[in-house]
Amino acid sequence: MTKSVDYQLIAATFSTGLLASSSIVWSYIFATVFSFSSMLTWQSVLYVWSLPIVQLAAIFCAVRVNFSRLGLLLLLNCGIAFLSFISWSLNWSISVLVPGLFVINFLSLMIWLIVCFDVVYLCPEIYHKYFELGFLASLTIHYCFNQFEIYLTNVMFAPFFICMLFGYIGFSHVWRHDMYIFGKMRCKPIYYTKRAKYIAFSAWQIMDVALFELICLWFLLLAMAAGCIALVMFSEVFLGVSTYLYLFMVGNFCCGSLIIYRSYVMTAVYSVVSLTAFFLILMGGYLFTKAQLSMLAAVMFFCYFHANGCLLYRIKKKLHRNITTPRFILNVCMLLNALLEITVLLAQKLT
């Protein structure tokens with residue numbers, strides 16, 4: 001019996017990726033459009049530094065929600081977003097009201113990131129790629145709007161609301177789908193009680209199963225952080241591109257969608273390509289144009305995230321019957337993203 005692919009579920013998981021990215025997009029809009037320097041005002045500091053800090057805080061937060069009532073959260077998010085953009089456009093207390101609305105909405109939008117991971121990552125692995133692809137598509141769309149200065153027009157925030165709406169429709173389809181229900185059943189032990197309906201590994205059990213991958217992820221992070229510090233200090237590749245560099249800091253959420261073949265060998269291949277791009281930037285600053293150096297920087301980041309994606313895939317395979325695997329993967333992604341973001345931001349300020 002051959003496996004069939006549900007194309008409606010593919011579209012739904014792709015849309016769910018749009019919804020999951022809403023918190024990152026929200027932070028991106030304020031950090032790039034409403035902020036010109038991370039140390040200019042306290043509002044700018046808030047917009048730029050909120051993403052790594054909130055990601056670190058979210059690791060320690062437990063979220064339990066009734067999926068059928070999340071429509072109220074959607075209305076709240078859209079209402080706050082609309083009020084924020086209107087306040088900014090009409091210059092209504094933008095120094096106090098807008099930052100306050102930003103924080104409230106950012107924290108509540110993080111709930112979508114958590115619940116979307118929890119639902120989609122219990123479905124078969126093929127749907128993970130479309131979820132991550134939707135996440136990446138949302139970030140790319142907003143990046144293009146910024147690149148072509150469409151944010152200066154009257155429709156500058158339309159994509160945010162569109163992604164939220166279609167994302168919620170897709171999310172509602174996914175959590176009601178049989179694939180999600182079967183995914184939860186896969187995590188049930190043969191014998192279970194009321195208190196232990198699902199297999200839930202402890203932190204020590206996870207460390208025992210996925211220790212090698214976690215060590216590799218840590219060493220890749222250290223290498224990438226050291227590389228970014230070196231490039232900030234000894235090259236000008238990051239000069240003037242902080243607006244667009246922001247998106248490279250959250251690649252652990254979505255770059256796995258572009259990987260065709262994932263293995264330890266491919267982890268090594270991606271790492272070598274990333275290292276090569278780093279040395280080309282560092283040593284060939286006078287041989288390449290500004291655009292070419294920016295392209296090499298993009299290659300360096302994407303290959304790094306692809307190497308991480310291969311390792312995260314191996315962790316998911318090893319822990320496929322663990323009910324908390326989706327949240328564990330999300331926590332690892334948030335930790336890696338936040339530490340890299342903090343490293344780059346501090347390096348830019350200290351040079």
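The chain as shown is numbered from 1 upward.
Here the Cβ of each residue, glycine as well, is placed from N, Cα and C on the backbone.
Marked as transmembrane segment by Swiss-Prot on the basis of sequence analysis: 14-34 (among others).
Residues or ranges marked as transmembrane segment by Swiss-Prot on the basis of sequence analysis: 43-63 (among others).
Look at Swiss-Prot and you will find 70-90 (among others) tagged as transmembrane segment, backed by sequence analysis. Within the chain, the transmembrane segment (70-90) has long-range Cβ neighbours (under 8 A, six or more residues past its boundaries) at 22, 26, 34, 97-98, 101-102, 104-105, 108-109, 111-112, 115, 157, 160-161, 164, 168, 171.
Per Swiss-Prot, transmembrane segment is recorded for 97-117 (among others), and the stated evidence type is sequence analysis. Here the transmembrane segment (97-117) has long-range neighbours at 16-17, 19-24, 26-27, 30, 34, 43, 46-47, 50, 54, 58, 61, 63, 65, 67, 70, 73, 76-77, 80-81, 83-84, 87-88, 131, 167, 171, 326-327, 329-330, meaning same-chain residues at least 6 beyond its ends whose C-beta is under 8 angstroms from one of its own.
Annotation comment: Swiss-Prot describes 133-153 (among others) as transmembrane segment, evidence class sequence analysis. Residues 13-18, 20-22, 24-25, 28-29, 32-33, 159-160, 163, 167, 170, 243-244, 247, 250, 253-255, 257-258 of the same chain sit 6 or more residues outside the transmembrane segment (133-153) yet have a Cβ under 8 Å from a Cβ within it.
Positions annotated as transmembrane segment by Swiss-Prot: 155-175 (among others).
Residues annotated as transmembrane segment in Swiss-Prot: 214-234 (among others).
Under the heading transmembrane segment, Swiss-Prot lists 240-260 (among others), citing sequence analysis as support.
Under the heading transmembrane segment, Swiss-Prot lists 268-288 (among others).
The transmembrane segment annotation in Swiss-Prot covers 293-313 (among others), and the record cites sequence analysis as its basis. Listed by sequence, the residues of this chain that lie at least six past the ends of the transmembrane segment (293-313) yet keep a Cβ under 8 A from its Cβ atoms are 125, 213, 216-217, 220, 224, 227, 231, 235-238, 241, 245, 248, 251-252, 255-256, 258-259, 262-264, 266-268, 270-271, 273-274, 277-278, 280-281, 285, 329, 332-333, 336.
The feature transmembrane segment is assigned by Swiss-Prot to 328-348 (among others), with sequence analysis given as support. Sequence-distant contacts of the transmembrane segment (328-348) (same chain, six or more residues past either end, CB-CB distance under 8 Å): 38, 48-49, 51-53, 55-56, 58-59, 113-114, 117-118, 121, 206, 214, 217, 221, 224-225, 228-229, 232-233, 238, 242, 245, 249-253, 308, 312, 315-316, 319, 322.
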- Take the transmembrane segment (214-234) and find every residue of the same chain, 6 or more past its ends, with a Cβ under 8 Å from one of its Cβ atoms. 207, 267, 271, 274-275, 278, 281-282, 297, 300, 304, 307-308, 311-312, 315, 332, 336, 339-340, 343-344, 347-348, 351
- Task: Using a Cβ cut-off of under 8 Å, list the residues of the same chain at least 6 residues beyond the transmembrane segment (155-175) that approach it.
- Result: 8-9, 11-22, 25-26, 29, 33, 67, 70-71, 74, 77-78, 81-82, 85, 112, 115-116, 119-120, 123, 134, 138, 141-142, 145
